[in-house]
Amino acid sequence: MMWRSPLARVRDALRGQKVREKDLRNLVSNLPYEGLDKWKQPNRYFPGNSIKTSKYTLLLFIPMNLFEQFHRLANLYFVGLAILNFVPVVNAFQPEVALIPICVILCLTAMKDAWEDFRRYQSDKRLNSMPCLIYSRKVKQFVERYWKDVRVGDFVKVVCNEIVPADLLLLHTSDPNGVCHIETANLDGETNLKQRRVVPGVCITDPEFEAESFNSIVVCEKPNINLNHFKCYVEKPDKDKVGAGIENLLLRGCTVRNTDHAVGFVVYAGHETKAMLNNNGPRYKRSKQERRLNIDVMFCVILLLTMCLVGALGHYLWLQTLPGLPPYLVPHSNGHLDSPSLSSFYMFFTMIILLQVLIPISLYVSIELVKIAQIFFITNDIDLYDEETDSQIQCRALNITEDLGQIEYIFTDKTGTLTENKMVFRRCSIMGTEYPHKENALQTQWSLDSDDVNRKDTMHHHGSRRKVPGTAHSDVAFSSPLETEVTPDKKLLQQISGAESTSVSRKIDAYLDFFLALAICNTVVVSMATAQRQRVSAEFSVDVDERWRWRRSKRAKMDGGFVLFKLPVYKSYLTRVAIINLSSCCNTGAQTCSLHVPRSSSEPAVTPDMVCYEAESPDEAALVYAAKAYGFILLGRTPDSVTVRLPSGEDLRFEVLDTLTFDSNRKRMSVLVRHPISKEYVLYTKGADYAIMELLDCVSLEKGNQKNIAADTQQHLDYYAKEGLRTLCIAKKVLSGREYESWSADRHRALAAIENREQLIMDTAVQIETNLTLLGATGIEDRLQENVPDTITALREAGIQVWVLTGDKPETAVNIGYACRLLEEEDLVINMSCKNKVRSCGMYSTLTCTSILDCTLEEVRRYVADPRNVDTTPDISLVIDGRTLAMTLSSDLQERFVELAKHCRSVLCCRVTPLQKSAVVKIIREKLKVMTLAVGDGANDVNMIQAADVGIGISGQEGMQAVMMSDFAISRFKHLKKLLLVHGHWCNSRLANMIIYFFYKNTANVNLLFWYQFFCGFTATAMIDYWLMIFFNLFFTSAPPIMFGILDKDISAEMLLGVPELYRTGQGSGEYRFSTFWVSMLDAFYQSLVCFFIPYLISIDFTGSDMDIFSFGTPVNTISLFTILLHLSIEIKAWTVVHWVIMLGSVALYFIVTLAYSAICVTCNAYWTLQSQMVDPMFYLVCIITTVVALLPRYTFHVLKNSIAPSPLEQARHLDRMDPITRDQWIKEWRSFRGGGQVKRSGLSVPPSPTLGTSVEAYPPSPTASEITGDEFTLNVISENYNRPVHT
């Protein structure tokens, strides 16, 4: 290797930093430079693929860890005091002794950090040593290397079931269509297969890839964390640019499935890959109690400085009153003493060292231990385990468990959170004619009933649970019988049959186009039932059920059950995608599972039962299975074609020209194909009804027939929404050849662009999605999850405001709101809706929105001021759509909107975007200063989850994005009830009481030293041995408060669930209040006075002044221990064996250690002190009298408070002591008395379902918004009856 000067190395490093910071990167192949020195490599400025997530090295661990720990002010404070104690003029006791407490804390933390970092090191080593295939020009083939050897510019080959080692630009695959299927579960938790395509026209070598023929330049953006976007183009030698995007990128961590092999060009490696950039480690949030704790610590610092100032001033006055030079004051070597002013200055710092324990050094470590134990109990709660998904609760944020007990507002998504997200095709409207699918509705009801029965039966036999292989339909994503078994409507089936047998009219063409759109306009991956997904991996070569068998729990042992332990993301794959028998996989080797259906004369005909679908969303799966039920079978999909079998048996292969994927702004997706028969360019589009209706061809609408079709379809959509169905509109557009050529050129330029690429792609999509022809609409049912109404009712009784933020229509959201008891019949429902179709509403609309808000607030004030509602809680609910919400969130209207929201018990925000969801959460949290919780299940809920104080993800049907970005993850919405009402209350109460007790304990103990200063001239002398002082907080009184914070249970879980109103005690300041803190501090001062002066007065009366300081200090220290532990005994609400063992063990440990220390340490001042005290009966009498007097006020206060004015918690504890039957009767009566009985089950009068025999046309049209308040805005105030709007 050639020697290079240090200056050249520095210059090269600076140049590399500039290259890495550029917005664009030019990458070339490494093959021509293979074997050259590193500084001659063209891609040398970019990092390699070796990763290092460990923070320390063996040599630098101690300094780096200490540096990190000293970022905590508490550690820095105690180290500073320990160092200060080494200064002779201010030291309070032996310098080495002062180092012991902080050294113990630092060592324990260092051991924990070392263990965690060692595990990270092992993980890094395992990943870096994984094998991969890299092309070598010398060998002329792919050779096996390690992941850490991969560099930017290399060509890497990944075979089936292997993990991608770096971010690869896909250039070649074994699939003849240039498709590679990947699974991204390691990145986003989604287990359905995704397609990636090779960059078109770059590598035309086939069938084998020739890496040395690649001489293009890859230009890509600099690395970023966005997993869904990638800007890149490949510049060929002829300067032609080919655009590439995320659909051409294989991300590190993905797994190749159902593809024999794929070859890619490394664009990002190591820490620059998107997966590593998104690996931020555990989430850290500061809880509300932690913020309050920091304030109280500052109060303690002020109190400490005040006490030290008093000591310094007292020392000055004492020196001033001395008549001469006393013999116990030793002068300096020069024979002079310091002046009283200088001595008092030194004494100030000495007092800080002496009284430093006032700041609890072990409190932060104790809090971490308590939270770890709380998380253990939460994750091992059998009630929070879901049998169906085989998953448990996950605690991803380790330091905000107490915030679960202080929630005041809950913001929840609807689809997948309140509902199952299992879509069932229920109704459709084609060309203005509605088809109710009655048989499918009845079959759906039967399936739901049988599913409930099976679930209940499974819960009784979950101890012997084992996966039973089902049909192919049940083995892939979104393929439960509810979604796959669609019973066709007889009338519609006859219409389709007629279309096949008669001449094709224009109307019949629309029917065929409708189902072709259902089959084509999606991203569903097609596979064969006999070719399941391969999962050949040595790591998972054992039986899956045996490998992930649950551990048994104490509670489940009685029922033959099991307890949960944390599962990797891989486990969630079991619930939605088939796992084939591993032994059969090994027999087949690396055989590729074809996802397409090649047709040849020698092959047997493909039957519908041989086809399986894997969709990215349950909506797509439901629509594809609906088309299949009518004979339009999706047989195969490649990047360039889609094959559909018609009811007649004829297979049509549509050439796919482009796919305009769905996004939250357009609210639709489109597929542009070329019809195989007519050769027309046809655009099929599906999307939200309002997004499609705005894009219809205005010229066609002027015709009577098309206008009637649009009006009838809109009426059907309204009734679908009122029935609670999810609605979609289906449309098409036929393009001329000239239109397509012009648009295709714009599209190609947009795809090849780097700057504003997303906006240009969006513009081309909007450009073509105009002048559509409406084909029809669909209504898909998404049923509520189990126990959602009961959960929402309990949360509202607990004083929690529940908001639903959804993208559905207002009618659908209102229907679900009544079904889940978010809305009640007797509620005053206010419906605010903006009907303006223009995006820029202007000053007029803003003023109108202001007047609407003022009108609404006036109506609310009138309702609250109504004499009939004076003594009741106003049951006001608000329904607002996205357009109106966007206006109300503007800076000038926020205050009015927040004021209105404060009066509302529940709010439904409809047609909202992900950004609007997060904006609502932020505004309510910041304006009202309340604790917020957001719960969702999909990627569109991530912003909302991150904006809330506590974010909860539901591991549902839409992947794991929400779970991966959340603080807690649950599998069912019903688990929120126990998580908040029980565990939240316990965690909040336990930690609050433990923190208050810690401050009390340290203050009561350190004040003994402070009172003694009045008798020793404020010379910072201690009447307790230094070692015993350290042992007091380090050993004797450390375990009881930790046990108190972990095991104390003020109320049983049954009582907390039976009386949700008890949760209100933790909201706001809860038990950790400003007043509670100072009352405990005053109690500590009182008890310290009693513990000091009663022994002092007794010693004066009985022994006079003939007693050394340690003979006086030892009984005081013993009395302090008894008082502090008995004080805790008064606070403990539920005694267990663990409580008794720790409390008695602490007392025993004190006497054992003190007696042993007093006997062994012959040179110590406290030699044989306790032994001589224990033989004197007066010692025991003093301990008993002093302890009783010290605790009497607190005990009396508790007795009087619980007898005269018992709190709700105390009443609940009294009920807890009754037998279950009597307790349940009292709970019912108490709930009725406190208003809990006012919450009645909703009896929503839903319009009769057209599915059950009534056609849509039979319903009278409801008054439209324009008929009530005009065309711009609607304000409906609905009271007592939802169907009766009242204009205000």
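Keep in mind that glycine also has a Cβ here, set from the backbone N, Cα and C atoms.
The number of other CB atoms found within 10 A of the CB of ASP413 (active site, 4-aspartylphosphate intermediate), across every protein chain shown, is 29. If you look up TrEMBL, you'll see ASP413 marked as active site, 4-aspartylphosphate intermediate.
As annotated by TrEMBL, ATP binding site applies to ASP413, LYS414, THR415, GLU620, PHE662, LYS686, ARG726, THR806, GLY807, ASP808, ARG911, LYS917, ASN940, ASP941. Counting every protein chain shown, 22 other Cβ atoms lie within 10 Å of the Cβ of ARG911 (ATP binding site).
Look at TrEMBL and you will find ASP413, THR415, ASP937, ASP941 tagged as Mg(2+) binding site.
Per TrEMBL, the feature compositional bias 'Basic residues' maps to 458-468.
Counting residues of the domain 'P-type ATPase N-terminal' (43-97) by DSSP class, helix then strand then coil, yields 24 helix, 0 strand, 31 coil. Taken from TrEMBL, the feature domain 'P-type ATPase N-terminal' covers 43-97.
Residues or ranges marked as domain 'P-type ATPase C-terminal' by TrEMBL: 963-1206.
Positions annotated as region 'Disordered' by TrEMBL: 453-474 (among others).
The region 'Disordered' annotation in TrEMBL covers 1238-1263 (among others).
Residues or ranges marked as transmembrane segment in TrEMBL: 73-91 (among others). Long-range contacts of the transmembrane segment (73-91) within its own chain (CB-CB distance under 8 A, at least 6 residues past either end) are made by residues 98-99, 101-102, 105-106, 297, 346-347, 349-350, 352-353, 356, 359, 361, 364.
Sequence-remote contacts of a segment are chain residues at least 6 beyond its ends whose Cβ falls under 8 Å from one of its Cβ atoms, and for the transmembrane segment (97-115) they are 56, 61-62, 65-66, 68-69, 75, 78-79, 81-82, 85, 353, 361-362, 365, 1026-1027, 1030, 1033-1034. What TrEMBL lists as transmembrane segment is 97-115 (among others).
TrEMBL lists 293-318 (among others) with the feature transmembrane segment.
Annotation comment: TrEMBL describes 345-367 (among others) as transmembrane segment. Sequence-distant contacts of the transmembrane segment (345-367) (same chain, at least 6 residues past either end, Cβ-Cβ under 8 Å): 72, 74, 77-78, 81, 84-85, 87, 89-93, 98, 101-102, 105, 108-109, 290, 293, 297, 300-301, 303-305, 307-309, 311-312, 315, 338, 991, 994-995, 998-999, 1001-1003, 1005-1006, 1009-1010, 1013, 1018-1020, 1022, 1029, 1033-1034, 1038, 1041-1042, 1045.
Annotation comment: TrEMBL describes 1012-1036 (among others) as transmembrane segment.
Look at TrEMBL and you will find 1077-1098 (among others) tagged as transmembrane segment. With a threshold of 8 Å between CB atoms, the same-chain residues lying at least 6 positions outside the transmembrane segment (1077-1098) that come near it are 296, 299, 303, 996-997, 999-1001, 1003-1005, 1007-1008, 1010-1012, 1112, 1115-1116, 1119-1120, 1123, 1127, 1178, 1182, 1185-1186, 1189-1191, 1193-1194.
Here TrEMBL flags 1110-1130 (among others) as transmembrane segment.
According to TrEMBL, the feature transmembrane segment maps to 1137-1158 (among others).
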Quick test of the contact rule: Cβ under 8 Å, at least six residues beyond the ends. What residues does that give for the transmembrane segment (1137-1158)?
1025, 1027-1028, 1031, 1035-1037, 1039-1040, 1043, 1047, 1114, 1118, 1121-1122, 1125, 1128-1129, 1164, 1166-1171
Using only C-alpha positions, which one of ASP413, ASP937, ASP941 is spatially nearest ARG911 (ATP binding site)? These are the recorded positions in the record.
ASP413
Can you give the largest Cα to Cα distance in Å, as a whole number, for the residues ASP413, LYS414, THR415, GLU620, PHE662, LYS686, ARG726, THR806, GLY807, ASP808, ARG911, LYS917, ASN940, ASP941 that bind ATP in the record?
24
Find, among the binding-site residues listed as THR415, ASN940, the one whose Cβ has the highest number of other Cβ atoms within 10 Å in the structure shown.
THR415
If you average per-residue pLDDT over the domain 'P-type ATPase N-terminal' (43-97), what number do you get?
86
State the residues, same chain only, that lie 6 or more residues beyond the ends of the transmembrane segment (1178-1197) and have a CB under 8 A from a CB inside it; answer 'none' if no residue qualifies.
1083, 1086-1087, 1090-1091, 1094-1095, 1098, 1102, 1115, 1118-1119, 1122-1123, 1126-1127, 1130
Lying 6 or more residues past either end of the transmembrane segment (1012-1036) yet within Cβ distance under 8 Å of it, the residues of that chain are 92-94, 97, 100-101, 104, 311-312, 314-315, 318-319, 347, 350-351, 353-354, 357, 361-362, 1001-1002, 1005, 1092, 1109-1110, 1112-1114, 1116-1117, 1120-1121, 1146, 1149-1150, 1153-1154, 1157, 1161, 1164-1166
Once near-sequence residues are set aside, which residues in the chain of PHE662 (ATP binding site), 6 or more away, have Cβ atoms under 8 Å from its Cβ?
ARG668, MET669, GLY687
Round to the nearest Å and give the CA-to-CA distance linking GLY807 (ATP binding site) with ASP413 (active site, 4-aspartylphosphate intermediate).
9
At a 10 Å cut-off from the C-beta of ARG726 (ATP binding site), count the other C-beta atoms across all protein chains.
24
Which ones, of the binding-site residues ARG726, ASP937, ASP941, have a Cα no more than 10 Å from the Cα of ASP413 (active site, 4-aspartylphosphate intermediate)?
ASP937, ASP941
Rounded to a whole angstrom, what is the C-alpha distance between ARG726 (ATP binding site) and ASP941 (Mg(2+) binding site)?
18
Cα distance (Å, whole number) from ASP937 (Mg(2+) binding site) to THR415 (ATP binding site):
8
